[in-house]
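TrEMBL lists 1-406 with the feature domain 'Major facilitator superfamily (MFS) profile'. Summarising the annotation, TrEMBL assigns transmembrane segment to 7-29, 41-60, 67-86, 92-114, 126-151, 157-177, 224-250, 256-277, 289-307, 313-335, 355-378, 384-402.
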């Protein structure tokens, strides 16, 4: 189950998110569309995924991840096939409306719903495995898509990517996933008998009206407001920095090769950060440890501002910043995969996490937009780093307050 989800997340993130940056280059040459036009379509897809996150979450609660992710895989295949034949810019925008729906149905949110219903003791480990493998999709699919584009062209490359979803993601979602452990005569790992009944028998789930009241009660809690604030601030900051980092380092005088190497290192370091975080779970609660890492990230963002140019001292400050920032880059996904169930239980998990994902996706769109606006206004990247530092420190404080206002143990 976990192995299959890990591989399907690797593929889904690769074809829906990371392949885009490679495919738009030959599309710009052939079709004449500007990068900003194509980026706007991509951002539109992200916003659509935020809009449908809540209804998809309720679908997850009602039907389980199998039907959601299978439908999402079919939609992804359709999007990629149509993309390979696209000729008009309005058609491209419409494709990314559908792509946004596919994102909401196949990326981490439904996968986390599976780990929540299937695991108790080993839930954090399951989330770790899925996010570590999924975190490698950038390293796998960016070069893979580049090789395909260079070999067969971007249109046929999209057909190959569609085949990868049909051969890998679709069968995993359709034939491997099950809603409850009891569907296979199993129990959640290590769960006490009293807990098994609550998570293994959908027939005993609360009524629709009762579930709605439970969700509303969660949404009114201070801890939920703090978690949503933390996720928005941290994700807005990390995507603002992520999209600006190569240009910032190049502007400071580093070669393009070194600048891209630093950006690529963040992708590797986020996997290391997730592994370190799970190792530290026995010594400190996950939310508290993540709070500390976010605070360190915020301080690290100030380091490059203390130097200028590309001399030895500047290189040291940039290197330390990249390491500390990279270690915390992927922790918000790990946090969402474990924190909701720990704070609010497994019932209504999909709906609750769906609302949180709205804040995450909005941050993913707002961060790059605000970074571009700031750079255009000030003509320098320094305000982006400073603002991101403040936002990350604010996210750390919000997460700390979420722990202080955490509901009683369920």
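Just so it is clear, glycine is given a Cβ too, placed from its N, Cα and C backbone atoms.
Between the transmembrane segment (41-60) and the transmembrane segment (355-378), three or more CB pairs separated by 6 or more residues in sequence fall under 8 Å, so the two stretches touch.
As a quick check, the transmembrane segment (289-307) and the transmembrane segment (92-114) miss the bar of 3 or more Cβ pairs under 8 A, pairs 6 or more apart, so the two do not touch.
Per-stretch counts of Cβ pairs under 8 Å to the transmembrane segment (224-250) identify 313-335 as the leading one among 92-114, 157-177, 313-335.
By the Cβ criterion (distance under 8 Å, sequence gap of 6 or more), the transmembrane segment (7-29) is counted as touching the transmembrane segment (92-114), at least 3 such pairs being found.
When pLDDT values are averaged over the domain 'Major facilitator superfamily (MFS) profile' (1-406), the model yields 85. For the transmembrane segment (157-177), the list of distant contacts is 1, 4-5, 7-8, 11-12, 14-15, 19, 23, 64-66, 69-70, 72-74, 76-77, 80-81, 83-84, 106, 114, 145, 148-149, 151: same-chain residues at least six beyond its ends, Cβ to Cβ under 8 Å. Counting Cβ pairs under 8 Å to the transmembrane segment (256-277), the top-ranked stretch among 67-86, 126-151, 313-335, 355-378 is 313-335.
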